[in-house]
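Colleague: According to Swiss-Prot, the protein has these features:
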type     : residues                                        : note
DOMAIN   : 1-181                                           : domain 'KARI N-terminal Rossmann'
BINDING  : 24, 25, 26, 27, 47, 50, 52, 82, 83, 84, 85, 133 : NADP(+) binding site
ACT_SITE : 107                                             : active site
DOMAIN   : 182-327                                         : domain 'KARI C-terminal knotted'
BINDING  : 190, 194                                        : Mg(2+) 1 binding site
BINDING  : 190, 226, 230                                   : Mg(2+) 2 binding site
BINDING  : 251                                             : substrate binding site
């Protein structure tokens with residue numbers, strides 16, 4: 001796998017381009033501000049009544065309605081939620097695309113699942129920082145960057161990959177390393193990771209551990225500390241040095257207990273369920289389910305959100321976090337102005 005760095009990308013490729021960033025949320029604000037600070041000509045495209053309009057203007061950015069921004073631009077980066085991209089594409093982007101334009105995405109969902117099918121006369125690329133937007137911005141301001149993925153779906157002028165690399169450099173990504181992938185692999189691994197490990201698997205593991213201790217007669221506060229609070233300490237060790245760093249850093253008791261009991265939690269049945277989750281990502285089952293859910297007004301999703309909010313661990317956690325003075329600070333998104 002080739003990793004691209006500073007000398008592999010040329011920002012001059014963007015110097016004479018007009019760049020539209022659609023959206024000013026977590027990723028949108030980082031892309032727009034980093035590219036602007038890298039010397040590029042950037043416009044943010046938003047809905048006319050968007051709450052982000054004033055924020056973008058206060059950040060020193062030119063702001064236009066989405067359709068006008070697309071019409072003006074040579075490169076259009078789509079950084080709005082997956083579920084609204086198709087409608088925005090059909091209403092505001094497609095009618096204003098010009099031959100030779102470059103259409104860019106931060107995630108491959110809508111291209112891979114053919115919710116958006118661009119015309120054959122435009123470049124289609126992806127630049128996906130592997131980090132939340134506030135860290136993309138913060139590391140850039142600090143003179144560094146976060147790793148990025150790039151991909152090319154259509155290359156009409158032979159420059160699509162070079163444009164993607166230049167964009168990644170403008171974000172600061174080439175200081176950390178840029179890896180080339182494709183829309184299929186990025187989309188499917190991203191969705192599987194979210195569902196099986198990061199957002200789905202970890203949340204269910206935490207709740208199951210908490211419930212087991214509480215049902216066993218232990219104080220809910222102790223259950224929270226053991227199954228939720230201390231997880232960050234372990235994840236930080238994974239982040240810094242992998243599984244070996246974690247095993248080296250914990251006690252022998254914890255290491256032995258984890259290695260001998262962990263496989264009894266993640267059983268062959270669990271692994272088979274993971275393979276089924278991956279299959280549903282690969283064959284489009286999940287994508288169709290999610291799109292149908294969005295079109296139905298999020299009825300199931302709202303019920304699931306309510307159930308999560310009402311779980312006992314949430315009330316216990318809120319009380320305990322109120323005792324942790326180091327947590328009394330702004331949300332990272334608020335710090336970043338989004």
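Along the chain as shown, the residues are counted starting at 1.
A Cβ is built for glycine as well, from the same backbone N, Cα and C atoms used for every other residue.
Keep in mind it's a predicted model, so treat the numbers as computed, not measured.
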Colleague: Which recorded positions from the set 107, 226, 230 come within 10 angstroms of residue 190 (Mg(2+) 1 binding site), judged by C-alpha positions?
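Modeller: Cα within 10 Å of residue 190 (Mg(2+) 1 binding site): 107.
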Colleague: Could you check the binding-site residues 190, 226 and say which one's CB has the fewest neighbouring CB atoms inside 10 Å?
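Modeller: Selected from the binding-site residues 190, 226 on minimum Cβ neighbours within 10 Å: 226.
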Colleague: Highest CB neighbour count within 10 A among the binding-site residues 52, 83, 85?
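Modeller: Top count of Cβ atoms within 10 Å goes to 85.
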Colleague: What are the helix, strand and coil residue counts for the domain 'KARI C-terminal knotted' (182-327) according to DSSP?
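Modeller: Across the domain 'KARI C-terminal knotted' (182-327), DSSP assigns the residues as follows: 124 helix, 0 strand, 22 coil.
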Colleague: Looking only at Cβ atoms, how many others are within 10 Å of the one on residue 47 (NADP(+) binding site)?
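Modeller: Neighbour count, Cβ to Cβ under the 10 Å cut-off: 16.
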Colleague: Between C-alpha atoms, which of these recorded positions comes nearest to residue 24 (NADP(+) binding site): 107, 194, 226?
Modeller: 107
Colleague: I'm trying to understand the geometry here, so how far is the Cα atom of residue 230 (Mg(2+) 2 binding site) from the Cα atom of residue 107 (active site), in Å to the nearest whole number?
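Modeller: Spelling it out, the Cα of residue 230 (Mg(2+) 2 binding site) and the Cα of residue 107 (active site) are 31 Å apart.
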Colleague: Of the residues named as NADP(+) binders, 24, 25, 26, 27, 47, 50, 52, 82, 83, 84, 85, 133, how far apart in Å are the Cα atoms of the most distant pair?
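Modeller: Between the outermost Cα atoms of 24, 25, 26, 27, 47, 50, 52, 82, 83, 84, 85, 133, the distance is 20 Å.
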